[in-house]
Amino acid sequence: TAWRVLQLGGSELDAVEKGCGQCEIDQCDGSVGYGGSPDESGETTLDAMIMDGNTMEVGAVADLRRVKNAIGVARKVIEHTKHTLLVGESASLFAVRMGFPYEDLTTPKSLSIYSKWLNQSCQPNYWKNVVPDSSKSCGPYKRLEKVICEKWTISQRNVHNHDTIGMVVIGGNGTVASGTSTNGGVHKIPGRVGDSPIAGAGSYADSTAGGAAATGDGDIMMRFLPSYQAVEYMRMGMDPTVACQKVISRIQKYVPEFFGAVICANTTGSYGAACNKIPGFTQFHFMVYNPLLSQAAEQVVDCI
């Protein structure tokens, strides 16, 4: 979809918006768009961002409720405001002003995911240091007076329960745009925002260097600004694959078992990707379309 937009004369930003928007319509992997990843109250909310690598403008929305086209709303943040990020109910009101309809983001599938989770005593969830014991029961929780410092514990849920559409578009003249869209971590605490709508974390674009996008455990990934860091490595002349690998290695030092991957592309159209190797996730698959290909082609890298 994104490639077709470019071929029809659309801009790089148009391509990112329509490409990510297609995934919102298709509910890619259940982790993008409506009807997936219900939060603790059973509601699906959306996060998205889009970035113009020429002007360095960013438009983003987070915790967007009752509006399906999150990346489209993010684009309107660039076009019609002097802001960068709008969140929650106020982002939804902005979307309606911009002509987007209110729609229910809940589906029979997301309701069934939610009810199954409730029947499993709300396992897994994202709480810690609370009473009752969050590993055994549903809330409402209260804080424990004594906070226990714990080592990172990464559960298998991270590998299968959330993902992001991340896209980097390099125009024929080297112009770079990037974007993301996601419905976030399944059973997240309401109000949680991950890496996807945060510039430099979920994605980053700079037409003097390149672009990058990340996927995985956003609560961890966003702390390292992996997309920004990858672009800076490429600015220093690093090959996109190496830039991606270095970003993954930086996070590994602190959280060896995190779930995550990064894609990178420079202004000449060279590209690469890297991922962190953990049980159940040893390879990362991503799609590429360029003038040398007759159709979108799947690429695979072994995780490091």
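Just so you know, glycine gets a Cβ as well, placed from its N, Cα and C.
As given in TrEMBL:
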type	residues	note
ACT_SITE	Thr164	active site, nucleophile
BINDING	Arg192, Val193, Gly194, Asp195, Thr215, Gly216, Asp217, Gly218	substrate binding site
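Comparing Cβ neighbour counts within 10 Å across the recorded positions Thr164, Thr215, the minimum falls on Thr215. Cβ packing within 10 Å was compared across the binding-site residues Asp195, Asp217, and the lowest neighbour count falls to Asp217. For Val193 (substrate binding site), the count of additional Cβ atoms within 10 Å of its Cβ stands at 21 [all protein chains shown].
Residue pairs drawn from Arg192, Val193, Gly194, Asp195, Thr215, Gly216, Asp217, Gly218, the listed substrate binders, are separated by up to 16 Å at the Cα level. Residues near Arg192 (substrate binding site) in space but far in sequence (CB under 8 A, at least 6 apart, same chain), listed by position: Asp39, Asp63, Tyr126, Gly184, Gly185, Asp219.
Cα to Cα, Val193 (substrate binding site) and Thr164 (active site, nucleophile) are separated by 13 Å. Comparing Asp217 (substrate binding site) with Thr164 (active site, nucleophile), their Cα atoms are 10 Å apart once rounded. Once Cβ contacts within 10 Å are tallied over all protein chains shown, the binding-site residues Gly194, Gly218 are led by Gly218. On a Cα basis, the residue listed as 'active site, nucleophile' lies 6 Å away from Thr215 (substrate binding site).
Spatially, by CA atoms, the binding-site residues Gly194, Gly216, Gly218 include one closest to Thr164 (active site, nucleophile), and that is Gly216.
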